[in-house]
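Quick look at what Swiss-Prot annotates:
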TRANSMEM  12-32  transmembrane segment
TRANSMEM  54-74  transmembrane segment
TRANSMEM  97-117  transmembrane segment
TRANSMEM  139-159  transmembrane segment
TRANSMEM  170-190  transmembrane segment
TRANSMEM  216-236  transmembrane segment
TRANSMEM  249-269  transmembrane segment
TRANSMEM  295-315  transmembrane segment
TRANSMEM  344-364  transmembrane segment
TRANSMEM  375-395  transmembrane segment
TRANSMEM  400-420  transmembrane segment
TRANSMEM  428-448  transmembrane segment
């Protein structure tokens, strides 16, 4: 999105409603259903319980979404970009251990990306079960619900490679209609008992936690927390829609959500003996809708659920790309299906989320069972975000008293919700923890495996590149050797602008002398700023040996092939390097020669001097490297002439 659309405007507000609020906007589909089910059904709840539950929902959303996210977290942006990884880049220099909450929180959010589509779409489709259409009941069993859900999810994941820029333009108007519908239907039901507004008083929320009518006790917070899942999207998507558009649109969304929860509460109070016609789990959201409008509501809810799922999938792609840039995950093949900035598609992640989401649907079978697994991982990510926000506030020199109040207040809240959600572990919560744990393990291995490798490399033989420039220049002009390439490009880490691994020069000079018109040594540096694209050049007084330091933002596409070609054009134009006129070419006036790229990868060998934990960690990292995409794709060199050379790690 361009900067103009990030300013608050009617269009910007509409776009924000379509992109940001899908997850939290579909929470009314299952929050009250989960709360009532936790009490054993509608017959086991009374007025005090319902008013207290609605109060807990409202104040949970107010504190965790409005106060912590909209008012506080949206201030902690990195050049306009938000999310847990952007927050980490702001504070990582304060302490090395801060990488742990970033890894844990990121893994938990990615795990949520597999659960949200399963829960929201299944819940929406369950509204069709038992509904009479044309004198019959087309969806008469849960098996049919599951079949329809899986079909919708398969279609959703299959269209990701085509991009969502076209259908994405409709998200805003559709979600605006959805939220308006939530508010209107809630207001209509509220008219049956305006005393439900007592729930605005937080005293009722506190009383419920200790009330004898509350059989679940404090653990009811596990169901209450579902109302605020999706709050993290307000922070992570701020770079797409702009801070002002989120701040401006949130009051409308919050009011519509509140009205709907009020309406569901009134319906429950007015129907204490109601039993669903199909004998299944009661869902107040659908039951409070007049039967004549039920089908339209289900269709709208399904579309909203798909939009919420789409937002989570797109967010997962972005999160993985950021994690790769920060060396939390292996680099993966990234496609750009649209010219729209920031829209990416990662085939391997799309397949992984698709398989995991459908497996969750098939395993749990009902949305009620899925809700048992839902929310646990997000409580963990919120606690990690609170820790990082505390460090950010300290970095900003906020009064230490207020900073500690923030940490204690929100830390205690997050821990309470996490403890209450732990009761879900045996009822399916282990699934979300397993997924988050697997992702976190991969991140840990990759990050710390790289750290150990880099530490070993620092002890290995490095040579000064500037001491070999004469030899490289002579080889470049030595016609006794065939030309290997016009431009020979090594993806090499040149430290302090002059030190390079001996193996790289060995590859050029000793292995089989590689003659080239120009030798390029390219280092890719990931910056804290999200969209940096800069470079620095050092030719060491030659026209044949060039050290390029690329500085790319952690959200920037790593297309080294494209960048290097442009740099060559620039350096030829200003006379820094020799011209490369092409006598034989299909492109008239072509002044840049061919390119050959070389990537040197480390491998574990019997000579590798590693033992115990460090050896295991580096070996695991190498296995992950082998399982991930071709190293050429890491640097955007899939279609370039690229050679992978392997050298043993000493």
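Cβ from N, Cα, C; glycine included.
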Intrachain residues whose Cβ lies under 8 Å of the transmembrane segment (249-269), provided they are six or more past its termini: 13, 16-17, 20-21, 24-25, 27-28, 31-32, 36, 42, 45, 47, 50-51, 53-54, 57-58, 61-62, 65-66, 70, 179-180, 182-190, 192-193, 196-197, 199, 227, 234, 284-285, 287-288
Sequence-remote partners of the transmembrane segment (97-117) [C-beta within less than 8 Å, at least six residues beyond its ends]: 23, 84-85, 87-88, 91, 153, 156, 229-230, 232, 236, 305, 308-309, 312-313, 315-316, 319-320, 323, 328, 353, 356-357, 360, 370, 373-374, 377-378, 380-381, 383-385, 387-388, 391, 431-433, 435-437, 439-440, 443-444, 447
Long-range environment of the transmembrane segment (216-236) - Cβ separation under 8 angstroms, sequence gap at least 6: 20-27, 30-31, 34-35, 38-39, 53, 56-57, 60-61, 64-65, 68-70, 73-74, 82-84, 109, 112, 116, 208-209, 246, 250, 257, 261, 308, 311-312, 315, 318-319, 371, 374-375, 378-379, 381-382, 385, 416-417, 419-421, 423-424
Listed stretch, out of 12-32, 54-74, 428-448, that has the most CB pairs under 8 angstroms to the transmembrane segment (170-190): 12-32
Best-contacting stretch, by C-beta pairs under 8 Å, relative to the transmembrane segment (54-74) and drawn from 295-315, 375-395, 428-448: 375-395
Surrounding residues of the transmembrane segment (375-395) on its own chain - C-beta under 8 Å, 6+ positions past either end: 64, 68, 72-73, 76, 84, 87-88, 90-91, 94-95, 98, 101-102, 104-106, 108-109, 111-112, 115, 222, 225-226, 229, 231-232, 235, 402-403, 406-407, 410-411, 414-415, 417-418, 421-422, 424-425, 429, 432-433, 435-436
Chain residues in Cβ proximity to the transmembrane segment (295-315) (below 8 Å; excluding those fewer than six residues from its ends, i.e. six or more beyond): 18-20, 22-23, 25-26, 29, 109, 112-113, 116-117, 120-121, 123-125, 127-128, 131, 133, 152-153, 156-157, 160, 164, 168, 171, 174-175, 177-178, 181, 185, 230, 233, 236-237, 286, 289, 343, 350, 353
